[in-house]
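Each remark here refers to the structure printed beneath this line.
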Amino acid sequence: MVAAISGGGGGLSSYGDWFKKEYRRPILFCALIAIAPVAYGYDGTYFTSLLETPVFIRQFGDTDANGRSSISSSDQSLWVSIIQVGEVFGSLAAGPIGDWSGRKGGIACAITLLAIGVILQMLVVGSGALITVGRVIAGGGIGIISNAAPLYLSEIPPMEIRGACVSSWQLMLAIGQVIGACVGLGSHNLSNTASWRIPIGINLVWVVLLVGVLFIVPESPRWLLYKGKPEKAERALFKIHGGSDYKEILVQEQLAILNKSREEEAEASSSVSRWSDLWRNPVERRKFIATVGILVSQQISGVQFIFSYTTTFFTLVGLQDTFIITIIVDCIEVLGVLASFFVVNRFGRRPLLLYTGIFMFFTLLVVGALGAVAGQGDRFEPYLADHPSFGKAVAAMICLYVFAFNVAWGPLAWVVAAEMSTGRNRQKHLSIGTAMFWISAFVVTFTLPYLFQPSEAGLGPMIGFIYAVGGAASVAFVYFVIPETHGRTLEEINFMMEARIPTRQWKNYDLATVVAKDEKKGSRFAGTTEHVEGSGAGGAAGGEERPRQRRFLSHFQPKEVAAAAESP
């Protein structure tokens with residue numbers, strides 16, 4: 001059953017529980033919406049393959065006096081990174097679009113933009129301008145998807161499977177990358193425009209699939225309630241829980257929790273969602289910093305270097321069969337995400353982010369050190385000729401980095417962002433968070449060719465040093481800012497934010513016991529102001545008045561609290 005308080009448990013007792021009747025429909029709806037991130041993942045690898053496709057290079061590149069065609073570093077940088085400009089604007093627009101039209105409305109707008117952008121890119125042979133404009137428009141669609149889809153994936157499933165459902169974002173993204181790499185491998189040697197039009201046109205497949213999905217999935221009940229549509233919210237909940245033997249109880253219990261949570265939040269602050277609250281209100285500011293910070297942290301460790309330039313970079317370090325190696329790297333991404341499903345419930349969000357972040361930091365240091373040994377400029381090519389295993393060593397470190405990233409940072413950054421952005425400003429938090437995510441991705445993607453190409457800065461693998469610094473900053477951010485949210489409902493997370501529980505106390509914070517004690521004292525000392533003294537990880541902040549906490553806790557009354565209240 002959906003409970004207001006997990007009592008510190010959370011998760012599934014065994015993997016067979018995934019097939020319980022009450023989870024089947026939520027998993028189905030989430031699986032259908034998870035088609036959306038395939039479009040994001042596909043774009044990264046199919047377009048980097050175009051940069052190594054002979055017909056595309058000849059038709060869109062520059063030809064020198066010897067008749068050899070090439071795509072300049074500036075055009076590479078522009079075409080690969082410009083989609084992120086669109087994604088930034090799409091993410092910012094997703095806030096008002098989602099507030100007005102809901103999660104499904106946002107996805108409908110996104111696939112419209114994606115379709116227009118894809119068609120523009122295929123229209124005219126040799127038009128770099130249309131490639132640029134089309135990628136900006138398509139990026140707007142992907143930016144909206146990156147906001148609407150994670151919100152939907154976090155709001156539909158029960159708490160026990162929420163982490164895995166949101167993590168499916170990264171899994172489907174990685175699958176999209178594998179598809180893009182395979183399409184690039186299969187089409188790059190074609191002798192006509194099909195070599196680049198087919199990879200671009202396949203984006204329309206995701207558009208058609210998502211149009212069908214929107215006719216099947218329900219709207220988010222949370223959004224419907226916040227928009228004052230309780231009847232539609234109830235119908236959506238019945239559609240979500242229709243496979244359960246206890247659907248009537250589940251629907252009424254969840255409706256009561258959502259309604260009471262909204263009322264208590266309005267009583268504690270305001271029922272109106274305002275952009276200014278994201279910084280002026282200390283609770284909303286904490287959510288804002290956590291949401292934006294975790295998504296930016298995912299990018300500053302340089303994953304876009306692998307995501308957008310794998311084939312080009314492996315060619316630079318002297319590897320052969322770079323298209324095959326790119327597919328192998330993308331398959332490792334999928335394996336990493338699959339592994340995350342088995343370890344997240346055991347270790348939680350925060351420890352995995354910390355430990356894998358430290359591991360990624362060291363792999364980037366090794367890549368940088370290998371580059372330092374090889375040197376740069378005129379020294380680099382002779383070193384590659386004398387040390388054929390150099391490229392393999394760099395590739396091995398990148399494979400280890402990719403696996404660690406996808407075990408934790410890939411899926412969990414989106415999980416944590418969706419969980420931290422709770423409450424009435426939920427859409428706004430994630431809108432700014434995804435916009436900053438895309439800005440970070442743009443900065444990394446735009447600067448990369450200038451950093452690693454021999455004709456520019458010529459750093460080559462030494463860029464590992466740069467992103468190792470970003471990786472260290474990401475680990476520090478998680479340690480000081482991101483709490484452990486595993487096993488908590490979204491309403492519970494929102495309460496703990498309102499109660500201002502310190503970051504490192506979340507894991508062992510016994511909310512059910514606190515609620516029970518609060519209710520006992522409330523009935524014993526009616527009309528008085530309660531002071532709760534700090535008592536280690538399970539207590540509240542020392543010496544702080546809690547009348548607002550008692551109000552907020554009043555709806556956490558089902559079974560766990562009642563049982564705790566009866567205990568001595």
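Don't overthink the numbers, they just go from 1 along the chain as shown.
Placed from the backbone N, Cα and C atoms, the Cβ positions cover glycine too.
Just so you know, TrEMBL annotations are computer predictions that nobody has curated.
Over in TrEMBL, the protein carries these features:
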- 29-486: domain 'Major facilitator superfamily (MFS) profile' (DOMAIN)
- 523-568: region 'Disordered' (REGION)
- 26-42: transmembrane segment (TRANSMEM)
- 78-95: transmembrane segment (TRANSMEM)
- 107-130: transmembrane segment (TRANSMEM)
- 136-154: transmembrane segment (TRANSMEM)
- 166-186: transmembrane segment (TRANSMEM)
- 198-217: transmembrane segment (TRANSMEM)
- 288-310: transmembrane segment (TRANSMEM)
- 322-345: transmembrane segment (TRANSMEM)
- 352-374: transmembrane segment (TRANSMEM)
- 394-418: transmembrane segment (TRANSMEM)
- 430-452: transmembrane segment (TRANSMEM)
- 464-482: transmembrane segment (TRANSMEM)
Distal contacts, the transmembrane segment (322-345) - CB-CB under 8 A, six or more residues away: 10-12, 45, 48-49, 52, 163-164, 167, 170-171, 174-175, 177-178, 180-182, 184-185, 188, 306, 310-311, 314-315, 352, 395, 398-399, 402-408, 410-412, 486
Among the ranges 107-130, 166-186, 288-310, 352-374, the one whose Cβ pairs under 8 Å to the transmembrane segment (394-418) are most numerous: 352-374
Annotated stretches the transmembrane segment (166-186) and the transmembrane segment (26-42) touching (3 or more Cβ pairs under 8 Å): yes
When counting Cβ pairs under 8 Å to the transmembrane segment (430-452), the leader among 26-42, 78-95, 107-130, 136-154, 198-217: 78-95
Long-range Cβ neighbours of the transmembrane segment (26-42) (under 8 Å; 6 or more residues past either end): 18, 107, 110, 114, 141-142, 145-146, 148-149, 152-153, 156-158, 161, 165, 168-177, 179-180, 183, 202-203, 206, 209-210, 213, 216-218, 240-241
Two-stretch contact, the transmembrane segment (107-130) and the transmembrane segment (352-374), at least three Cβ pairs under 8 Å: no
Range from 78-95, 136-154, 198-217, 464-482 with most C-beta pairs under 8 A to the transmembrane segment (352-374): 464-482
Within-chain partners of the transmembrane segment (198-217) [C-beta distance under 8 Å, separation at least 6 from its ends]: 29, 32-33, 35-36, 38-39, 42-43, 46-47, 49-50, 104, 107-108, 111, 114-115, 118-119, 121-122, 138, 152, 179-180, 183-184, 187, 190
